[in-house]
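Straight from TrEMBL, the features:
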BINDING   B:11-18, B:36-40, B:57-60, B:117-120  GTP binding site
BINDING   B:N22  Mg(2+) 1 binding site
BINDING   B:A23, B:T25, B:G26  Mg(2+) 2 binding site
DOMAIN    B:4-166  domain 'FeoB-type G'
TRANSMEM  B:295-313  transmembrane segment
TRANSMEM  B:333-352  transmembrane segment
TRANSMEM  B:359-379  transmembrane segment
TRANSMEM  B:399-423  transmembrane segment
TRANSMEM  B:435-459  transmembrane segment
TRANSMEM  B:465-485  transmembrane segment
TRANSMEM  B:523-544  transmembrane segment
TRANSMEM  B:564-585  transmembrane segment
TRANSMEM  B:592-609  transmembrane segment
TRANSMEM  B:629-649  transmembrane segment
TRANSMEM  B:661-681  transmembrane segment
Amino acid sequence: MTLLEGKIGESYKVEDLTLNGMTQIRLEALGLTKGTTIKVLNNKKSGSVIFMVRGTRLAIGKKIAASIVIEGV
Amino acid sequence: MERELNVGFIGNPNCGKTTLFNAYTGAKLKVANWPGVTVEKKEGAMKYHEHKFKLVDLPGIYSLTSYTMEEKLSRQYILDDEVDVIIDIADASSLERNLYLTLQLIELGKPVILALNMMDIVEERGMEIDLHRLPEMLGVPCIPVSARKKTGLDILMHTVAHHKAKISDSNLEHHHYMMDEEKSGKHRHQHHSEYAVVYSDEIEDKIDEISARLKEAYPDLKNERWHAIKMLEQDEEIMGKYPLDLSDIVDRSYETDIINQKYDFIEEIIEEVVVNKASKAKATDRVDHILTNRFWGMPIFLGIMGIVFFLTFTVGDALKGVFEIALENFSNTVLFALSWMGAGEVFTSLIVDGIIAGVGGILSFLPNIFMLFLALAVLEDSGYMSRVAYVMDGLMGKIGLSGRAFIPMLLGFGCTVPAVMASRALEDPKDRLKTVLITPFMSCSARLPIYVLFSQLFFEKHAALAAYSMYVLGLVVGIVIALIMNTFEKKKEINTLLIELPEYKAPNVHSIFIYVWEKVKDYLTKAGTTIFVASIVVWAILNFGPNGLTTDMSQSFGAIIGKWFVPILAPAGIGLWQISLSLISGIAAKEVVVSSLTVLLNVGTINSKEGMMAMNSVLSGAGFTAVNAYALMVFCLLYTPCVATIATIRKELNSTKWAMFAAFFQLIVAWFVAVLVYQVGSLIF
């Protein structure tokens, strides 16, 4: 599943990032590396998601959320 | 005499870097731009014991790649030997993410001192950081500070003074054997006593090989290890600077591997040095639950903006009254002094009707502008601004923009120039172009005096509402234009919001004071320069005509120029030569519209009841009604931005063509909307 389907309050493990390019590098630099645990804090119908990674809250849009492959922990 | 030490402040956004910088320099800082780019550069000086320091505030960044302007110039600044010591400010309450930049800085090979900021918050949460072990693992001094509570500041500067020549050295002590054998054990390399971050054998082999070749090809190169790592990441800037055939080693970009391994090391550090890390701040999540709620988020945001504008008008206007009395007294004193000195009529007219009426009129709006910037500073410093990006993301997605594009638009209510610069945070060039083109439609504070004046003149009780409607209209026009651009776009990109949401905090009074003071100073400088000059020019072209000095303004050069444009502006109900001339002068700075009009309509001062009445009667005499006034306000809202904005657009988009387009495009939009408002308005009222 992708982060788009993440449920508020649940934790997930990052399986893969399918973005490539600069945005992917930026996400990785922010600590969103493969195997990291993230916690979904908000998920709106429009696809914008807030999640916690390595002690930081990040807000992302639909396109990025759809490219983060996650797995329940 | 000891040489001045150059100290660079660097850190992630929201790590409290600016608060710390301000704690050292106070309001005495020099703000300029980095050469060639519109990134702000702040400099301050300070003395500590016998040492003199020059402090430079580098942009807030997450990493040191060459993808963004900010990262590139920070990196270049550090590499170019311009800096003696780097203070890396890390938010100790969010150490894991912050250490990533730290590791990159250490790799650069310059003396680094890690300032662990927000130690007060760390303690509050019951977390503990092993300050003995952390420097051992990083090989750099780690100093606990709190910029907000001003603790640890002296110790940090003391460390700077004594650490200036040291590069991370043999103090390194790692216990990698404790870790997973597969992951980081069995290093063939003996790098652990030299470098904080040691990569896998595969990467270390490559680094050694590239380093050796770099050393051979460029014997003067310092820190070939860092350059080798960048080559492995296929960093375009470094590869271009030091061309070297490495196709046999660098078969692909190892950037992701390098990032991952840095984070592996960070996990190792956190494991060893952070105690009680489980207790996280719950307060921010609770607040976010409401403020970013899918139903309540938007109404709450609109409510907050409503309060901001309410404060701007009510509190601002109350303070304005005090200002006006002071200015009128000043004007009368000058008039008295000039006549006592026996100054000539022309000179007195220049001083009183030209300069004091023009510049003074503008100064009286300072309280409104002060309130607006104060409110924007509080929104920003509290951490709410980035939530707005999330709240607006869905809606902005509909016009083909990311929620992040809303921040420049919001900042545009303050001043268009920094707002246009803020659009830089958008990664997609198309998003940036669109945002830059619609941001000037957001009503900036310089346009506020125009609304305040005309709404008070013609709308009496509904003055605040009339002025507020300008902000809404600007927003609507911006959105409609973005929508139109979006329909013409062939390839529809889905928005790409990516923004950090910092912890909420009580705004720091000192930081806000400095921020607002900077803006007020800008406004005052503008009043003293651009508006001062514009006032003199307007006065001059009004008092001189083809036949030399004239007392009849309608025979002046100004009237001649203004009259050319009357037929064009007539359909919008603003076909008075005085108005067309003041609109032209308003391109210098939007406030000038007001200062020119006071001079043009010969009302002396608008800072009094009598002055206002005089202006009202002059305009009413020319058949000016509330509909005309509203059309004028609309035109002022939308037409060609000020020169400073046009220059900023040119610089940000790196295109004269687009800057010119923005100027003419807005003029056309303004004309159409103003004509529409006037024609429809005249039918109804």
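Positions of Cβ are set from backbone N, Cα and C atoms, glycine also.
Around the Cβ of B:G11 (GTP binding site), the number of neighbouring Cβ atoms within 10 Å comes to 29. The Cβ of B:K17 (GTP binding site) lies under 8 Å from the Cβ of B:F9, B:I10, B:G11, B:D57, B:G60, B:I89, B:N117, each of these being in the same chain and 6 or more residues away along the sequence. Ranking the binding-site residues B:A23, B:M118 by the number of CB atoms within 10 A of their own CB puts B:M118 at the top.
Mean model confidence for the domain 'FeoB-type G' (B:4-166) is a pLDDT of 88.
When Cβ distances are compared across the two stretches, the transmembrane segment (B:333-352) makes contact with the transmembrane segment (B:523-544), since 3 or more pairs at least 6 residues apart fall below 8 angstroms. Of all the binding-site residues listed (B:G26, B:P59), B:G26 has the fewest other CB atoms within 10 A of its CB. In the shown protein chains, 21 other C-beta atoms lie within 10 A of the C-beta of B:N22 (Mg(2+) 1 binding site). Most Cβ pairs under 8 Å to the transmembrane segment (B:629-649), among the stretches B:295-313, B:359-379, B:399-423, B:661-681, belong to B:661-681. Cβ atoms under 8 Å from those of the transmembrane segment (B:661-681) belong to residues 436-437, 440-441, 473, 477, 481, 568, 571-574, 627-628, 630-632, 634-635, 637-641, 646, 649 of the same chain, restricted to positions at least 6 beyond its ends. Counting every protein chain shown, the Cβ of B:T25 (Mg(2+) 2 binding site) has 20 other Cβ atoms within 10 Å. A simple way to gauge crowding: the CB of B:N14 (GTP binding site) has 19 other CB atoms within 10 angstroms, across all the protein chains here.
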